[in-house]
Each structure stands twice: as C-alpha cells, then as structure tokens.
Amino acid sequence: MTNNQNELGDVMDVLEDNIGYLTDRDREIPETDVAVIKYSAWWEIPVLETEDPLDFLTIGNNQCPASDDWDKLLNAELYDMPRRSQANSESTPPEHTWSGTSELGNYHYSYNDISIGMDAMSMNNRNRDDGFSSSSSSSQTSEGSEWLPEETEFKPKKVVTSEPLSPTPPETETRRLTKVQRRSMTDQEVEQRRKEANKKNSKNYNFNKKSKEAKLKEDLEKNHLYIERATAQEKQTLERIMECYTYFGDGNVLVIHQDAMQNFTEKEVFEEKLEQVDMDVARAREQSQELKSLKKLYQKHRQAYITATNDKALKKSKINTYGSRKSRALHSMNIAELELKKCILQFKIKKFERREKLLEEVENQIKQYFNFKESNHAGYMRLPQERQNRFEELCKTLKTSSPKTSIAGSHRRSTRSSEN
C-alpha cells in the first residue's frame, strides 16, 4: 500500500465486512410484517486515513461528505425492506435493489443500503442511472405466496377504469406459472387451470365486446338527438329567412342600396348555396374510403355470422359458451353495423353544420335591415294590416334576439368530452 493510495482490494474487504446487517430483533419479526433497519452501517465503516501534506482533504478516501439532513434521509426513506412474500396489495419493492432468492429460506429481504461505485465510491447515490433492477425478484416466489411487482417509474402503468356495463365485470387474468409451481402440479391440475383460464378469457371477451356495443349505441343516440334538434332549428330559421326576403325589393318595405348589394346575399344566391352544400356533402360521402371499408367489413362479418348460424354441427351442440364461434360472429357483426351507421350519420351531421353556418351568416345580413330607419314608409303603408303586424314582429325578434348557441358547436364539445 502506497502513502497516497490504498489498495482497492483492502478497501473492498473493509466495506464488505461492515455493510448493513440485521439485528436479532429484526429477525424475530413475523413473516407478514416489514423489517426496517433503524440505523445505518455507514457510521460503522472505518476511515482509512491517507497522507495529505497540503491538507486538501478533510475526510478519508473511502468516505464522502454528507448533507445536514443525511441522517433523516437514512432513517426515513432508504431502509424499508419489504419481504418478497408480501401480499399483492402491499407496496412495491424499493428501486435499484437486489433480492437474494432461496427456496428453503424463510426470510427474503430486498436490501437498499449502500451503493458503492467503482469509480467514485459514492454512498447511497439515489440519482444514478445505471439501469440496474431486480431480475430475480419477479422470477421466483416464496412457497405458498404470489408476489406481483408493479411497473417502475420509468414505465408507468396506465389504468383505465369504467363502470361495468353488465352484472359480471371481467375477471383479472391470473399470472403465469413459474417453473417451480409447474413442477409441483399434476397434469390434471394444469389442465383444470387451463380450462379456468379459457373460461375467464371468454367472459372478458364477451364483456369487452358488449361494452364496445354499448358505447357505439350511446354515440348513435347522441347523433340522432343532434340531428332531430338541428332539423327543427333549421326549419324554423329557414322559414324566417324566406319570410324576411319577401319584404325586400323595389317598391317594397326594405330596399338594398346599390353599394351594399355586393355584400348582400340575395334569395336566389342563398338557395343556390344551400344546394351546393348538399351536393358537396353527398360527393364526399360517395368518395369516402372509410365508408367503403366499413361496408366491406360489415358484409364480411355478416357472412361469417350466417355461416356459423347454418353450421349443422354447431346446431347439434348443446354447449352454451361465451366465446363460441356463433357468439363471436354475432358480436363482430353488431359492432361493424353500428360503426357503419355512425359513419353515415357523421356525413349528415356535417351537412347540418355547413347549412347552419350558411343560415347564420345570411340571417346576420338580414338582421341589420329590419328596423324602421331602413324601411320605406310608403311601402310599409301599402301593406295589409296582417303583413304590417308581422313586419313589426320580425323587427322585434331580430333586434332583441341574442346570439344563439350553435347546436353544431355544442354537439362537437359534447362529443369531445365523451371521448375523453
């Protein structure tokens, strides 16, 4: 050993002999509890002094400076050691730990004591990113228990929760058998476990398909409701606009000035724009590849369902299973049909949205002329009393009407909220 450098082997021998240990009290803790080391072996490691003529170093070569709250961190966070035989509902093992495994041992601890780097020889470096993780802790389990590790912080587990749509929610799939568990089971037990797993998978499949059908039916109901409201509002707005056009023209109540004619939509132009909107949407529907694919998919599943229904061997079978060929074909056909109907309704909704936008634009143009300041008094006096009263009602309605909430906008917002 030189004056300024200790032999690496001597340093490692000292560290290995003095790293954290369990007391007799910790070993007496029952299997269901969690053993916790209340103190650290960090203070037990001897300081190997080296010569420092310039007095630059204030600590030994195998020590590192500690912060003021180091003692609190050691006792509070770094020394929880859950046994590997803990139940599934308990907390996950600490990060960057190594777990020794033994089939005959009663105590299995995950030590997270002192992390020693070969280069820096740093202690308890929690921020290192060496990718070290426990591989043996998830491969073996203690006898009579199953310990399922959760996802680490690098791969968060996404949990999607939804209300059950049927009285029997899907059952959680059991974990795979380990080699030790497989060797301890008979062939009959393995076959029984396989049948139970198939039954659970069939129930889960049936539940997922029914959930998807229910979601599509809910979306279709919302789309039908929107179309009903949009149809009623469009009819009312269109009748009001057409009635307003009857008061425009030479010698009539309202006269459009020549300089304002280029910005005003006349009745003939308005009708042409409505027809153009319908033609554009119809053309987009005919050229839609998505709609064509959904039609082919529906025909495919429908033919598969007809084939399964007419299968003589399946008719003679009295077994009623969740995942039978006929049941799968029926669910697939129903889902394909609902998706096709939903796509068709989307084009109708798009047509109503464009027509609603055009109606709102034209009504805003007409609204500014419906007042007595812009009206021709002589033309107004020539009108029958009923028409005069109706003109006054239109003036009040268009003047006092607040900007209405667009049905198309509210429908889009509700659709986005349901998808989220």
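Glycine is no exception: its Cβ is also placed from the backbone N, Cα and C atoms.
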Annotated range (Swiss-Prot: coiled coil) out of 219-264, 265-310: 265-310
For the compositional bias 'Basic and acidic residues' (184-199), the number of residues DSSP places in helix, strand and coil: 13 helix, 0 strand, 3 coil
Surrounding residues of the coiled coil (345-374) on its own chain - C-beta under 8 Å, 6+ positions past either end: 220, 223-224, 226-227, 230-231, 233-234, 237-238, 240-241, 244-245, 247-248, 254, 256, 263-265, 270, 273-274, 277-278, 280-281, 284-285, 288, 291, 394-395, 398-399, 406-408, 411
